[in-house]
Amino acid sequence: MKNKIVFTGSPDFAVESLQRLYDNPNNEIQLVISQEDKKRNRNKFSPTAVKKRAMELGIDVITPKNINDEEVFDLLDKLNPDFIVVVAYGQLIKKRILDRFKNKILNVHASILPKYRGASPINYSLLNGDKESGVSIMLVEQGLDTGDVLAVDKIKLDNEIMLEELHDKLMIMGADLINKVIDDYQKYFDSRKEQNENEASIVGKIHKSMGQINFNEKSDVIYNKFRGLTPWPGLFFKLEDKIIKVHNINIIKQYNDNKNGEVVKVDKNGIKVACEDGFIIITRLQLPNKKPLNISEYLNGNSFEEGIIL
């Protein structure tokens, strides 16, 4: 018999898992639950990436305001799935559903749990300069990402990997792993492990203000922010009340007696700004309401004063 699955998810990260579960001949996707359509502009509403894919695949999809509503519970109770798979859905599932489907609700989480429970694990693995990242499949319980872990897959990180690349790697790894777990569920369930609360950390949502460069920080910290916050919110600095977005940087570790934030040199190779333990070289930037430019292009029609403090 096929595994009957209800899939809950919303953003791009969840689409690969949905697709792979759908493609697996051992599975039957009974229903997809996603977040409500979001208003974009001029009263136009856009579906989530998961809803869009579900519709393309011809799968029934609902977008309840609250997944814990009575009518959703009744529908789930009637469908009686073997598994409810949760991938970046965006709402917490409460006790009634958890009790009804005990040990049947599986979550794909983009970190090596118990590290980085919460909303932004991929960002924080780069912000903190981690040397490895990964995905975990866990049982969903009432706590935030606190359930027993059924499986983990890890990846080594170099200093060059950026947010979008890591996102896509973990997206594929998560899709692979959830398929393996469901295909051989009893084996993974029997070897499940409790999370060590002493090693747990929780990360919140990413906010736009986090992208502002603080030149009092060390070069590695600034570079890791560039890796972990690009493309959104992206790095930026303020100049005469203008927000200047930064699209590429290099770093130089070198003792200097310049003030942090001082623009030391400006030429076609970049804007050289002093920081706590060296220099940040800004090689591509974007003025408000303009397209991104390499510094050599920028200097063709603009100037940037040396000696100012950013």
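Every residue gets a Cβ built from N, Cα and C, even glycine.
As the structure is a computational prediction, the values presented were derived from the model and not from experiment.
Swiss-Prot annotations:
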- Ser111, Ile112, Leu113, Pro114: (6S)-5,6,7,8-tetrahydrofolate binding site (BINDING)
Determine the most Cβ-crowded residue among the binding-site residues Ile112, Leu113, using a 10 Å radius around each Cβ and all protein chains in the structure.
Leu113
CB within-chain contacts under 8 A for Ser111 ((6S)-5,6,7,8-tetrahydrofolate binding site), separation at least 6:
Arg117, Pro121, Ile122, Ser125, Ser133, Gly134, Val135, Ser136
With a radius of 8 angstroms around the mean position of the C-beta atoms of Ser111, Ile112, Leu113, Pro114, what other residues of the same chain does the (6S)-5,6,7,8-tetrahydrofolate site pick up?
His109, Lys115, Tyr116, Arg117, Pro121, Gly134, Ser136, Asp145, Val149, Val152, Gln195
What is the number of other Cβ atoms found within 10 Å of the Cβ of Pro114 ((6S)-5,6,7,8-tetrahydrofolate binding site)?
20
In three-state DSSP terms, the structure that Ser111 ((6S)-5,6,7,8-tetrahydrofolate binding site) belongs to:
coil
